[in-house]
Amino acid sequence: MPSSGDAAGRRPHVVLIPSAGMGHLVPFGRLAVALSSGHGCDVSLVTVLPTVSTAESKHLDALFDAFPAVRRLDFELAPFDASEFPGADPFFLRFEAMRRSAPLLGPLLTGAGASALATDIALTSVVIPVAKEQGLPCHILFTASAAMLSLCAYFPTYLDANAGGGGGVGDVDIPGVYRIPKASIPQALHDPNHLFTRQFVANGRSLTSAAGILVNTFDALEPEAVAALQQGKVASGFPPVFAVGPLLPASNQAKDPQANYMEWLDAQPARSVVYVSFGSRKAISREQLRELAAGLEGSGHRFLWVVKSTVVDRDDAAELGELLDEGFLERVEKRGLVTKAWVDQEEVLKHESVALFVSHCGWNSVTEAAASGVPVLALPRFGDQRVNSGVVARAGLGVWADTWSWEGEAGVIGAEEISEKVKAAMADEALRMKAASLAEAAAKAVAGGGSSHRCLAEFARLCQGGTCRTN
């Protein structure tokens, strides 16, 4: 059993408790590897089986195979009746199932000999009380942007100040940061009775009880939000905030021997390929898929496109020919590769042939683009993605047409609009240079002595010394 860390010099044992979805699991895995390999910590990662998606299961298996120093703690959920929330998103349902099972974590943590915890924002309000009962400091790894963290921290105050107004959620002007327009607020938060809204508000109110908050960003990408959070401008009594990003992919995980996309990229000229992917979390309508296909074809550029047509990958049985217009694959076969297979996104973005990333702006995708110096054409669809797209535009990492529709709004983004934006971004040398400068800043941040490296070292030191607050 790993020993708890203390001031006598024993290695601290940090237990990481992620929630569901690749957007949450991936940064937790990267944090686990960073702490265990470079910051003198024993690390365990709590896993819940079965996972919601096949991608999650494969990711966890690869992580534990490649990094045996990261211990696996399997956690069995209490029975949960999903019929209480008819039609709810399967990942929100898993959040709720994990939240209701949180009291069962106590024996697992006792048996593991934990000295500190870091959990996901989706579980904050239910894991902090468990940690307190165990006498353990509980940090939060916030897997989205610092801008989104500031919204999460301030949103309960905003609701309290506007209670009884009857006007619903409008623009949210976050102290020390900037105004998040109504149109960029995650869709679910406009419904006070939505399952996600209840979770989001409860977790936001609990942030001040955390020992500290790690956020996967770096100063040059989000200077206003990071500074405001660290200076306590967003919410009173806020804990220390550690900007530890970009959390880098583990370098020795096995590659898929059957994948052919890297061979295809190797055959393309430098800075000629548009990489298109909308992540693992949400599907795009068939109508929008076909407009996107026509837009890519009309742009005249080479492209690698990863297509997803269902929320959960296990349900995705449709063939590419069913999803796209007849003849499309044949027309573009000499300059486009379209796949439904998993790709190593970080490997793709680092490839010299890739010049532009058409992205939903999930936060992992944004940080990977920044670390790789690849400009982004933002096409947000859901959740925090418009907030993240705003970060991309503010930082100069990419461009975003903020009038484009997203999930729940009428209309689709037309092929001609997409084509013109792709052509403009591919021709924008200033955009390319700014993205390259952000990659340099990201590399400096995570290198020894850099701001993110220092923050992660300080977090490990606090856990080692047992000085994290446990309020």
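Note: Cβ is positioned from N, Cα and C throughout, glycine not excepted.
Per Swiss-Prot, active site, proton acceptor is recorded for H24. Marked as active site, charge relay by Swiss-Prot: D120. Feature annotation from Swiss-Prot assigns anthocyanidin binding site to H24, G383. According to Swiss-Prot, the UDP-alpha-D-glucose binding site annotation covers T143, V343, Q345, H360, W363, N364, S365, E368, D384, Q385.
On the structure: features taken from Swiss-Prot.
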residue	record	CB count, 10 Å
H24	active site, proton acceptor	23
D120	active site, charge relay	24
T143	UDP-alpha-D-glucose binding site	30
Q345	UDP-alpha-D-glucose binding site	22
W363	UDP-alpha-D-glucose binding site	29
S365	UDP-alpha-D-glucose binding site	24
G383	anthocyanidin binding site	25
D384	UDP-alpha-D-glucose binding site	24
Key: T143 (UDP-alpha-D-glucose binding site) versus D120 (active site, charge relay) - Cα distance in angstrom   = 8
Note = Rounded to a whole number of Å, the separation of the Cα atoms of Q345 (UDP-alpha-D-glucose binding site) and the residue listed as 'active site, proton acceptor' comes to 16
Ask   = DSSP three-state call for W363 (UDP-alpha-D-glucose binding site): helix, strand or coil?
value = helix
Ask   = Considering only the recorded positions H24, T143, W363, S365, which residue has the minimal Cα-Cα separation from G383 (anthocyanidin binding site)?
value = W363
Query = What Cα-Cα separation, expressed in whole Å, is found between W363 (UDP-alpha-D-glucose binding site) and H24 (active site, proton acceptor)?
reply = 10
Query = Cα of T143 (UDP-alpha-D-glucose binding site) to Cα of H24 (active site, proton acceptor): how many Å, rounded?
reply = 6
Ask   = What does DSSP assign Q345 (UDP-alpha-D-glucose binding site), in three states?
value = helix
